[in-house]
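Taking it in order: structure first as structure tokens, then the write-up.
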Amino acid sequence: MASIISHLDVPSSYRDQQYRGTSNQMVQDLSSSTTLYIGNLSFYTSEEQIYELFSKVGEIKRIIMGLDRNQKTPCGFCFVEYYHREDALDCMKYVNSTKLDERIIRTDLDPGFREGRQFGRGKSGGQVRDEYRPDYDAGRGGWGHLQRIKIEREREMAVKANYEASDVPTGAEEYKSRVNNAGKAKRARDDEEDDDENDRRRQNPRFREHDDEDEE
Amino acid sequence: SSDKFPAADSASYFVLQEIVHDTVLLFESNRKECAKYLLGLHNNFESGIFASQITESSDKGNEEQKDAMMEQTDGWVLSEIVLEHVFGTMLRLPSPPVKQVYFAALIIELCKGENSSASQSLKKAVHILFERLADMDAGLISRLYNWFPHHLSNVGFEWEWDAWQGALSLDPLHPQLCFIRETLEKEVRLSYYDRVKTTLPDEIANLMASEPPAPSQELLSPSHPHHDAVKQLLGKLKMKQDADALNDTLAEIRKQEIDNGMTQEQADETAREIFTQAVLLLGSKSFSHVLNVIERCLDVLRGLNQNPSERLHSVRIIARFWKSNTQLLGILLDKFMNYRIIDPTSIISWIFESEQLEQVGRSYLWEILHVTLNKVINRAQHVQTKLDGFRDVYNKNEVIRSENPSAESEAEGQQEQVAIQTVEKSLETVIREQKEVFMVVLQKFTQTLQEMYLRFEAGGLDPNTDFTFRWVNGWYKDVLRMYHKEISTFSTTLESLVFVDHLDSRIKEPFHQLKQLRHRA
């Protein structure tokens, strides 16, 4: 009877590449799981907001916020674990593709939380999707990382073209040569260091020292 | 009824009701298909019965053209009929056939897309329901003020608040005012304080709390009588020192109190106050933080909560600390129950204290009550499931063992039997706990209502004119209805202990109706 429509309470086609186990085990885990992956969250969505929405479906066992691997700040995803599988399935039917914090969120059945899965796997520390994202998303740090690097480089070149003087006033020759040497040396040092690290420090206002008070 | 809508006593109304009701349930696993099908129902009937749908895509400002379009199409407005029956199913008593959140998702789906007449119909429906709140059952009012903010959070919190300005002059416990107040509180939970405030006209925004939710700062006040001990305690907690170190500081606090002339009981109370507040303060950063702190101090916390009055005191401390954040209060009471630091009975006793009953029009009290009752039910179910599992395994193994009997397999069988008996004992305990909890709840309700009936009648007044009474009575009926299955399992005991002869018959009436419900089910 129900075969005339497709059911929404099924896992997506996503398969975790870092899953430890055989594909049979993954299928088994998925078919008994009470855990959901939640994606497309704003970086500023709080645990309490997630709790409020997902409690409507059933009693929540725990919520694990997804964190930037380096900064340990929320990076736009989380896991919600229920006591009963039925509640996770109901989320797929009733909450997936609705809004939380005024963003359309995505829910997906997850094989289960393991230590380490709470961290973003993107090169810069956040989620992979934020590395390559071409659009501007105010709730997810603005530009995607590669896009931001591209924009910054373009801006640097534009600044150089506009402000670098080709005619040097008399008496300033000495100064110019000193500046040039300093610039050259700095560029050499930059070439050796991790480009991403520098870019992140410069552009991401949320970058800060590891908070001592954070729990393990 | 009009030419826009079938008469409520007509066969057409009944047929359409059945169609919508069945579709809503059959397509429950795919709300998008459901919405599409519902809004396309007119395709299944002769043309001319239903008015054709109007799109708002262009000419938003052109009222004349829109009016002309509306006149062009005769017939019933399909989206109104659909929403009427969707709400009818959502507000079904004793309980809806599907989780509430399905209806929220379905309605959001209906209001999407090119067919905007559903959005207009929804506004009309909400206004009609708002008018009827005054006489509505408490349980249904709560379903609506849970649904509405969830819906608004999906449509940018846009709503015609000005239409409800009239409600602002009503009694503070009037259902319409309570509805608005709870809607705003839940909007804040789903979003955040400042955001919600920007979406409201000033007069409505006044119903919000004056400030965003925040933890109590009482403990950190420099004028705190035990300021030094508090600092020491917070330091030890931050450094994750063990129970002995923490108890040392508590012992010092108690000693100071007694030196100042306090009794042992008062000294214990002070120690409990300070320690519990310290745990809550350290955990006030986020929900995960507080769980971590609680887990580290479980032994000390349990040590401070060894009897009913101590546990009730803890509930009061937590409630005062998180007075402004009812969401966190509910979550914490739930987790403290999980860790068995406090028990369901202490929470129920707290709910029915007169200070809390003044808040009877607020949702959070009854949410906490439901969470507490659900907890004892789930515990019993959990053990029952475990027992069923053990019995299943045993029976299967017995079949295998009977084919190859041996001393070893017999010992194995006996071990399994022992395990089963342990779980059976544990089931007896949780079921007994469950009954005790329900008995306490019903005792509190009936006693409170009895007291109110006597008080009003002594003053020659009809209690139904008083909103406090109406809310208490409403929640009472709601609890009987929601938990009729569990309550029926020991209704004889309840008859003799709670629903006694001298209890006002108006209080016993819903209980008797509940028994009818049981027999039919």
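Cβ coordinates are placed from backbone N, Cα and C, and glycine is handled just like the others.
In TrEMBL this protein carries:
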type: COMPBIAS; residues: A:128-137; note: compositional bias 'Basic and acidic residues'
type: COMPBIAS; residues: A:198-210; note: compositional bias 'Basic and acidic residues'
type: DOMAIN; residues: A:34-112; note: domain 'RRM'
type: REGION; residues: A:115-137; note: region 'Disordered'
type: REGION; residues: A:167-216; note: region 'Disordered'
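Helix, strand and coil residue tallies for the compositional bias 'Basic and acidic residues' (A:128-137), in that order: 5 helix, 2 strand, 3 coil [DSSP]. Averaged over the domain 'RRM' (A:34-112), the predicted model reaches a pLDDT of 96. For the domain 'RRM' (A:34-112), the number of residues in each DSSP class (helix H, G, I; strand E, B; coil) is 18 helix, 31 strand, 30 coil.
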